[in-house]
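Undergrad: Have a look at the structure that comes next, please.
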Amino acid sequence: MRSSARGRPLQAATAFFLSLFFFLRRFERGFWLWGGDSETKVYVGNLGTGAGKGELERAFSYYGPLRTVWIARNPPGFAFVEFEDPRDAEDAVRGLDGKVICGSRVRVELSTGMPRRSRFDRPPARRPFDPNDRCYECGEKGHYAYDCHRYSRRRRSRSRSRSHSRSRGRRYSRSRSRSRGRRSRSASPRRSRSVSLRRSRSASLRRSRSGSIIGSRYFQSRSRSRSRSRSISRPRSSRSKSRSPSPKRSRSPSGSPHRSASPERMD
């Protein structure tokens, strides 16, 4: 009973400290999301899960002295960097937006004091327009980034570069495929052509030979039938000539013409 009574205050103390720890974590996150000076604070989005504080400090300290660097862990994917001078923050936004930091291409913007989402968060609800909010692109008040003229120019340049890169890739792939086709045609051995020619020639010769043999046999039989018909018709013609009537006058064997004997007169 005494041991159980002693363990209860320890459990209560641990629960209290854990709740205080999580409360401070949430307070810190809320401070970084909502509090602080928005002119010196920079939002870094699209970070990887393994982003380190030292890498961010090296990348952003190039533009000026830093106050603090805070990286979100639950959920991960974004961070906040606070400068001492607002001009250094603007230079960092212009220089590091779209660069590769911690193994991923990050998005760097000036903090406006409104909550942002990472890749793992749900999109926040829209709030009404505030004239004190600043643009992420030019840093001026009165409009947002999607209405900024710089953002439209950058988007047009990106679309043009993408279209140029796509057209170049298509041209390169087409030229490469054509060169491959030429290589395959030139690299094809001549033996295959000779073999195909031989095969086609042999097939044509076989066909012509078979046709000539059949034709010769046909013509031979036809010529034989014609010769037989001619040989049979020739003796008939000779017989018809022999049977034709002889001339009326026939000479005697002595050569004198044969005359019919007149009847002798009886004295």
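The backbone N, Cα and C atoms fix where each Cβ goes, glycine too.
Take a look at what Swiss-Prot says about it:
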- LYS53: N6-acetyllysine (MOD_RES)
- SER61: phosphoserine (MOD_RES)
- SER192: phosphoserine (MOD_RES)
- SER194: phosphoserine (MOD_RES)
- SER196: phosphoserine (MOD_RES)
- SER210: phosphoserine (MOD_RES)
- SER212: phosphoserine (MOD_RES)
- SER221: phosphoserine (MOD_RES)
- SER223: phosphoserine (MOD_RES)
- SER225: phosphoserine (MOD_RES)
- SER260: phosphoserine (MOD_RES)
- SER262: phosphoserine (MOD_RES)
- 182-255: region '6 X 8 AA repeats of R-R-S-R-S-X-S-X' (REGION)
- 198-205: repeat '3' (REPEAT)
- 206-213: repeat '4' (REPEAT)
Undergrad: For SER61 (phosphoserine), what is the tally of other C-beta atoms lying within 10 angstroms of its C-beta?
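TA: Result for SER61 (phosphoserine): 15 other Cβ atoms within 10 Å.
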Undergrad: State the Cα to Cα distance, in Å, between SER61 (phosphoserine) and LYS53 (N6-acetyllysine), rounded to an integer.
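TA: Each residue's Cα considered, SER61 (phosphoserine) and LYS53 (N6-acetyllysine) end up 12 Å apart.
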Undergrad: Taking the Cβ of LYS53 (N6-acetyllysine) as centre, how many other Cβ atoms lie within 10 Å?
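TA: Here the count is 11.
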Undergrad: Average the pLDDT scores across the repeat '3' (198-205) and report the rounded value.
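TA: Averaged over the repeat '3' (198-205), per-residue pLDDT gives 59.
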Undergrad: Hey, does DSSP put SER61 (phosphoserine) in a helix, a strand, or just coil?
TA: coil
